[in-house]
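Taking it in order: structure first as structure tokens, then the write-up.
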């Protein structure tokens, strides 16, 4: 069975014109539906609370789907499925970090943040501190994390759209070469995300994320069912087929092919590789609850109990989804095969769409394969759109609320002014992201996602937790914590093989690397924490009354921001 | 709705969350009130040990994936080796802790938090 399926996959790997036509129709439907949502939401967005927090009127299920939609980027859908397809177990290891991280958000952050903040992460960080410096730091950190994450998504989007359209090098489709299609993809995604955020605000963005999460879960579930049914719902048989087809044998089902690789005869490098794996695990687990676009989702519900329930929904959805990717990855390894996957995309990003095509062809011939491929491609497209929109609203809200209103206008700006600035900021961020992504499209920027998690883990999470739980914490501590974590995470990556000194580096032809591992969190999280503690203790400032207030508010929900009543 | 609220924003008004009609002094006094201390004790008693537990459990998993590969490759059931079982167990514990926390909150935290809120709101109404 395995051999005939692989033969089938090889035959249908090239994207047919049927599939492209269906893909374009489905892409257009996704765009039309999301724009309709945006227009609908824009009519219902009046106040700053509507714009930044969607009026705080979403229920737990809606926000749970929106969180899942915001979090499960194209990188985690196509990237993890591809990683499992190529490296087996290690792709699964990655997704476990992404899931366990939600316990930090659930137990330590979601409810307390909802109760004590208003629109942004900066609200909680600055509550006890001198407003202007801390809010500036919060805005710097928010925008840095969001832009890095955004850039990785946008560059990926360009490549992905050209991949999903199946344009081979040297070939053109609708007059576009693969390179032109990438740029068109980046510009279209940039324009759409700016429109969603500027017009739809948080309401529009949230609904786009909900629709995407439903599409993603349905599409993935369908593909999982079809894949498993080929194996008579025997997952063990699928795994052995995958291990055999991968050419790695049993090693495919064990850790070590991608992370913590053991280099024969080089114990030092082996140790660094293993520390890199631990560092990555740390960034994933501690970073999630410090990502600004995730944090602001907790403000879109009426109260902290709903925030808790929405995190539970998110955990259920995200956990189920990562179990799906395990089937999809092993399925692609077994049915599509290593060679066909790397031929389409060396990083394996096309594995899930390729699996859709092969499975569809198995059940209903080439046309069904083409339709299923187009379906999964449009799910991936919706995935890109909703994640980038979440990142844009996080950074434009922070620029407008933390920087413009609180720092520049000292809190005197009206709602109307603040929302106007947020919309302009969304346009500015969209433009910057498009220009950077077009220039960076030839570069290997996948590391930016891990870097965004590392900054969130080193700069944001420690300061949020210390603000909520440490009585002595003060302005200098918060500033040292944020800037110390941010600078050490970015700095260590700058001097790592990611940027220079290796074949896959960002800059080739120069070598100024001395930090041996790609993921900085193992060092930058302790550095950020120590900076926050030392900064606090070297400053005399302490405001016990403010500490008492944030704790009473955060724990009990007294005086918390209410839902807007329209 | 936020726009209609304060006619005259307090110093750094938009910068600090709205007061929700509570006086600062009442809120500060509540910090040492037995009702709040009970809430805080119940919350801390759950979230800190549990966070430590799942972090250690996850770290053990990552450390074993990095350094105990021979052990992780031990077959457990058919195609399932220890690494896969351990990975799936991380899912199980994550779901389990979320369920446990939700039922703990419903029983112990939500009523205690409601007591604190009610006490503060009554005080605000009296003034």
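Glycine residues also receive a Cβ, built from the backbone N, Cα and C atoms like all the rest.
Here the structure is a predicted model, which means the values were calculated and not measured.
Between the listed ranges A:250-273, A:514-537, TrEMBL ties the annotation transmembrane segment to A:514-537. Among the ranges A:213-233, A:339-359, the one that TrEMBL lists as transmembrane segment is A:213-233. Residues 73-75, 78, 120-122, 125-126, 178-179, 181-186, 188-190, 291-293, 344-345, 349-350, 353, 380-381, 384, 387-388, 391-392, 394-395, 398-399, 402-403, 406-407, 429, 432-434, 436-438, 440-441, 443, 445-449, 451-452, 455-456, 459-460, 475, 478-479, 482-483, 486, 490 of the same chain, all 6+ positions outside the transmembrane segment (A:134-163), place their C-beta atoms under 8 angstroms from a C-beta of that stretch. Between the transmembrane segment (A:277-299) and the transmembrane segment (A:421-440), the number of CB pairs under 8 angstroms, six or more residues apart, is fewer than three, so the stretches are not in contact. Remote same-chain partners of the transmembrane segment (A:183-201), defined as residues 6 or more beyond its termini with a Cβ less than 8 Å from a stretch Cβ, comprise 31, 34-35, 37-39, 41-42, 45, 50-52, 54, 154-155, 157-162, 176, 207-208, 384-385, 388-389, 392-393, 396, 419, 423, 426-427, 429-431, 433-434, 437-438, 441. Nonlocal intrachain contacts for the transmembrane segment (A:367-400), taken as residues 6+ away from its ends with a CB within less than 8 angstroms of a stretch CB, comprise 12, 15-16, 18-20, 22-23, 25-27, 29-30, 34, 51-52, 69-74, 77-78, 119-122, 138-139, 142-143, 146-147, 149-150, 153-154, 156-157, 160-161, 164, 189, 192-194, 196-197, 201-202, 205, 208-209, 211-213, 215-216, 219-220, 223, 292-293, 295-297, 352-354, 356-361, 418-419, 421-423, 425-426, 429-430, 433.
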